[in-house]
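Read the structure below first, then the notes.
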Amino acid sequence: MPTNRRHTVIGHAILVIAAIVALYPFVSVLLLAFSEPGTKRSGFTIPKSLSFDNFSEAWHRGLFSHALTSSLIVAVAVVVGTIVLATLAGYAFAFFPFPFKGLFLLLLLVGLVMPYEATVIPLYYQLKDWHLTNTYWALILPQIGLSLPFAVFWMRTFFVSTPTALREAASVDGASKFRVLRSILLPMAVPAIGTLATLLFLFAWNEFLLALVLVPDNPDVQTAPLSLSFFAGNRRNSDPGVTAAAAVLVALPILISYIALQRRMISGMLAGAVKE
Amino acid sequence: MKKLRLTGAAGVALAGLLVAGCGVPGAGTTASSGFDGPRITERVTPEDVAKLGDTTLRVLADAGEEDTLNALVPLYEKKYPNVKVKVTTKGFDDLMKTVVNTLSGDDAPDLAQGNQGYGTDGPLVKAGLIRPLDDVLRTYGWENFLTDGTLKQWRWSAGGTIFGAGSLYGISPVTEYVGVFYNTDKLAKLGIEPPKTYAEFTAALDKAKAAGEQPLMLGNAEKYPASQVIGLVQAQNTPSRDIRSWLAGVPGSAITDAGTVDAARTVQDWAGRGYFGPGYNGISADDAAAKFAQGQGVFYVAGSWNAPSLQESMNGRVGFTLPTRPDGTRATVGSMGLGWHIGTKTKNLTASVAFLDMLMSDEFAQNLTDVGRTPVTGHGTVKAASPVVEQVNGIGTKLLADDGQNFYLDWASTTMYDTVGAKTQDLLDRRTSPEGFANGLQDDWKAFQQKQREDAAAGAGS
Amino acid sequence: MTAVTEARTGASSPEAEVPARPRKGAVAAWASRQYWPAYLYLLPGAVFYVLFVLGPLGQTAWISLFRWDGLTEGRWAGLDNYRDLFHDGRIPSALAHSLVFVVAYAFLPVALGLVLAGLMSRIKVRGLTFFRAVLFLPQILATVVVAVSWRWIYDIDGPLNAALRAVGLGGLTRAWLGDYDTALPAVAVVGTWVMYGLCMVLFLAGVQKIPTERYEAARLDGAGPIREFFAVTLPALRGEIAIALVLTITYALRNFDLVWNTTAGGPGTSTTVPSVFIYQGAFITREVGGAAAISVCLTAVVLVVTGVVMRLVRGKED
């Protein structure tokens with residue numbers, strides 16, 4: 001139908017514009033990173049040749065080989081831990097009646113909305129008492145706690161949206177609540193968990209302030225955003241090209257994993273039993 | 001109502017958490033009452049250091065020290081073979097956020113850099129995390145080439161409450177100060193001689209403007225650079241002694257003097273007449289340096305630390321000067337580099353002192369200038385790599401002799417960095433008057449001094 | 001010490017669960033109603049949550065009653081920090097800026113995200129994976145990276161001004177982040193840019209869940225794209241909209257990274273927000289008590305605002 005075709009064209013046009021707007025700042029950083037060190041930046045110029053000098057300087061001075069490994073360890077641990085805990089809690093919030101449910105949800109909301117710039121200081125002293133500062137645990141454990149509210153709300157929303165008929169059929173068959181979760185709901189939840197994992201991975205990967213304060217003095221545990229900050233947080237003689245290269249180094253792994261997960265998610269949705 | 005009860009329960013729960021966290025924050029860490037560790041009475045020899053056995057000296061420094069340390073550490077490890085140096089560097093902002101916690105940790109570094117003033121060094125001294133260096137200063141005779149006025153930037157009363165008097169807590173072999181860079185090509189084209197006095201400087205600005213050039217480059221996105229321009233002008237009229245007394249919080253001192261207000265008015269006037277070009281509040285300091293190197297602006301009021309990079313980016317077509325005061329002396333915004341501190345908990349005291357000794361030695365001065373720093377050591381033996389660096393080094397030495405380091409206005413209180421920055425932007429945009437600018441600084445100072453007095457009184461009372 | 005302790009210990013010993021105001025027989029009633037499995041599911045998460053979120057938050061509230069430099073022993077101040085807050089002339093303008101950011105970071109991105117999600121629900125999108133990945137890009141970049149690139153876009157010699165000159169609007173060029181009149185909207189636009197991808201992905205995940213029959217039914221009723229959007233897509237996305245709004249509003253009210261790395265609150269104080277003061281108090285001026293007081297107030301404000309929003313969007317809770 002002509003109307004439909006018009007919609008398709010308009011829709012795609014808007015999408016293309018939105019995509020360009022989303023891409024442009026990153027592209028400008030990319031061009032900057034690939035430019036010869038010390039060249040003049042202006043308007044819309046494209047560097048004549050690709051130079052990797054900025055990258056190699058950022059890589060060595062920012063200790064990126066360590067930092068990327070640390071970031072990966074921390075982010076994966078946070079994602080796995082959070083998803084396990086949030087799936088259990090989200091399930092309970094979705095289908096179990098129990099007293100103080102409203103209160104617990106409220107407490108979760110508190111964690112979701114609080115600004116933690118000040119909270120990080122008591123957290124530092126607590127972890128110091130437990131001799132956990134300067135270790136991976138100082139990055140993983142608090143971030144699992146901080147990711148929980150979002151993840152629990154997410155999983156609860158998903159569970160509530162699943163078809164009642166499926167669950168009822170399972171209970172009639174005599175399946176326990178845990179079996180319903182494991183055998184019926186979890187397979188359905190793969191796309192939702194995939195998206196959640198992507199988001200959590202992102203939050204954990206880009207986390208900066210916690211990493212800075214809770215690991216004040218151990219380069220071996222330092223994460224990638226700290227390496228970037230090493231360049232961006234210099235008050236003098238910072239080199240925009242090297243900073244840009246460091247920024248690209250921080251963003252690239254997550255970009256790649258996002259694209260990879262994105263494909264998995266879509267195939268999961270096509271194959272899964274999301275729709276009745 | 002059920003809802004009300006739940007809300008009540010939430011309140012009780014939170015209160016419960018409060019009680020769980022009960023206890024005075026920071027309990028157990030009391031303000032330092034004095035240092036009673038071992039003292040240094042003689043120069044440390046390699047034999048003294050060898051007594052430590054195989055050991056690791058841990059150093060926490062600003063990222064700007066990377067080149068210095070890359071030069072120093074191999075020399076040090078060669079002279080003291082039983083010591084392995086492990087360096088951690090952080091960007092300036094990150095260092096300031098973490099250095100206090102790091103030094104208070106169980107496993108604190110032996111040597112660390114702080115920052116002068118109430119923001120960082122103050123808490124370090126107050127909590128007794130760094131060691132006084134009076135004994136080291138005397139033993140090594142550093143006071144022979146560093147004036148009393150200069151050393152005040154690391155002096156604190158034992159409790160860390162009074163700045164500018166008391167024991168010495170830090171040291172640095174380099175100086176950094178604000179001066180005037182000029183584009184030699186443009187000066188030649190305009191027929192202007194590099195200005196030596198302040199009068200010549202302002203005349204040159206007017207001439208450049210009349211010829212259609214942008215007289216001054218400025219990038220003020222970080223808020224501090226324009227305040228350094230004001231500071232340069234202020235130094236012409238306000239005695240260094242007065243500014244430093246004010247920074248130290250001497251009762252009754254004020255920054256609302258005629259010299260300061262005049263300086264604010266002058267710079268506001270420059271901004272109004274377009275001397276700084278367009279959009280300076282949106283240009284970062286680094287971008288300003290880049291734009292100046294590309295030929296925007298005849299003069300550029302900026303820190304001496306820009307000399308090596310400008311030399312390179314301008315292919316040597318750059319010069320540096322600091323206009324003298326009417327009496328021929330020099331004064332400007334400036335200080336020594338970030339101070340080096342020895343941690344109170346260090347088990348490697350002799351190795352740490354040996355580290356400072358090497359850093360402060362005349363032999364190392366050439367290395368310092370080679371990596372682009374401005375050493376106050378070396379005493380005439382240092383060969384600069386370029387004319388502009390030589391100008392920076394020469395004026396730096398004279399500035400020290402004239403006791404003309406005015407330090408930085410933002411040292412005056414923990415909030416002053418912000419206050420100066422915001423007030424300067426307001427001033428340049430004519431949102432406040434020169435008097436309003438000076439009064440704004442003074443109000444911040446007063447509030448901080450009031451708070452200090454309250455803290456001191458409460459500390460004495462408890 | 002009631003509900004939280006229950007969450008911590010309840011599952012292993014249900015008898016120990018005494019409600020805030022115990023009534024006779026309540027314990028027996030609980031045991032017979034078999035609430036404990038729910039608590040068993042909640043327990044692991046609750047442990048983490050109490051230890052690393054609620055605990056430090058409680059301590060923050062406690063610290064807000066002290067004058068504390070974050071290091072040496074603090075001094076009891078009672079409610080002085082809160083009193084100072086109300087007399088602090090910087091707060092009202094900071095709150096006004098926050099309000100602008102809520103519109104730019106939350107309402108605009110959600111609106112944009114809904115429009116895009118609506119488009120995608122109706123048409124067959126070619127290159128869906130590509131668009132999704134690209135639109136989400138702003139979210140995956142660390143704030144410092146975002147700030148670096150936008151500072152360049154707004155630069156006096158940057159692409160925005162170059163574009164204005166190219167279309168003959170050279171008179172409008174300026175340093176957008178350095179101008180008192182444009183700094184706030186300029187930072188706000190960056191927030192919109194950062195957030196619309198997140199809203200997109202959230203809504204898109206939601207749209208995929210909507211049974212196609214509902215669209216077919218709506219179309220059989222002769223619904224146009226707009227009616228279809230309001231009748232089918234929007235109601236089905238309520239949950240996602242609530243999550244998006246809570247996330248973005250929270251981000252708008254508490255996030256300081258973006259402001260700090262683009263304008264640092266300037267020029268003057270034209271882009272300050274409360275969280276900038278929290279950060280300064282905690283890490284620069286070392287007035288941790290005062291910073292904690294702002295934190296507590298900000299948490300309360302955000303809680304109320306998001307509570308209202310959730311109530312409005314989702315309707316009554318079950």
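The backbone N, Cα and C atoms fix where each Cβ goes, and this holds for glycine too.
According to TrEMBL, the feature transmembrane segment maps to A:12-34 (among others).
Per TrEMBL, domain 'ABC transmembrane type-1' is recorded for A:68-261.
What TrEMBL records for A:72-96 (among others) is transmembrane segment.
A Cβ distance under 8 Å defines the sequence-distant neighbours of the transmembrane segment (A:103-125), meaning residues of its chain 6+ beyond its ends; these are 93, 133, 142, 145-146, 148-150, 152-153, 209-210, 213-214. Annotation source TrEMBL lists transmembrane segment at A:103-125 (among others).
Summarising the annotation, TrEMBL assigns transmembrane segment to A:137-159 (among others).
What TrEMBL lists as transmembrane segment is A:180-205 (among others).
With a threshold of 8 Å between CB atoms, the same-chain residues lying at least 6 positions outside the transmembrane segment (A:241-261) that come near it are 26, 29-30, 32-33, 35-39, 54-55, 57-59, 61-62, 64, 68, 71-72, 194, 197-198, 201-202, 205-206, 224-225, 227-228, 230-232. Per TrEMBL, the feature transmembrane segment maps to A:241-261 (among others).
Residues 104-105, 136, 139-140, 143-144, 147-148, 151-156, 158-160, 167, 177, 181, 185-186, 189, 193, 196-197, 200-201, 204-205, 223, 253 of the same chain, all 6+ positions outside the transmembrane segment (A:72-96), place their C-beta atoms under 8 angstroms from a C-beta of that stretch. Within the chain, the transmembrane segment (A:137-159) has long-range Cβ neighbours (under 8 A, six or more residues past its boundaries) at 74, 77-78, 81-83, 85-87, 89-91, 93-95, 108-109, 111-112, 116, 123, 127, 185, 189, 192-193, 196, 199-200, 203-204, 207, 210-211, 214-215, 221, 223.
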